[in-house]
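Comments concern the structure below.
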């Protein structure tokens, strides 16, 4: 590039940057959005808004526990992380009968305090696979 072209590029404004300051953090180097906030402050406010919306939707659906803490439903939890430790699962996800996904360390029912009734499942399987054999009734001649 020539020196003339470099000087022309230096004189141009870059992107959305302006000389106005951010309302919250007084930052000059970030592009200012329409609300007068820099990109960092805009993202933080949007994140805060999303969390308040999520809290209100949980309270509407009645997913709070007795201590007042809100909990996530099984269908809302992402299936790519372990429910117990939050470890990313990828290909090795183990899905339990309770419907939750676990890592290799928490895959056993004893490790994640599973509430599924395995005895009842076993009894039903035995009953289904082994029908009762009753003696034939003798017909009178």
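Yeah, the Cβs are placed from backbone N, Cα and C, and that goes for glycine too.
For the ranges 43-74, 75-106, the feature annotated in TrEMBL as region 'Disordered' maps to 43-74. With DSSP states grouped into helix (H, G, I), strand (E, B) and coil, the domain 'AN1-type' (76-122) comes out at 5 helix, 6 strand, 36 coil.
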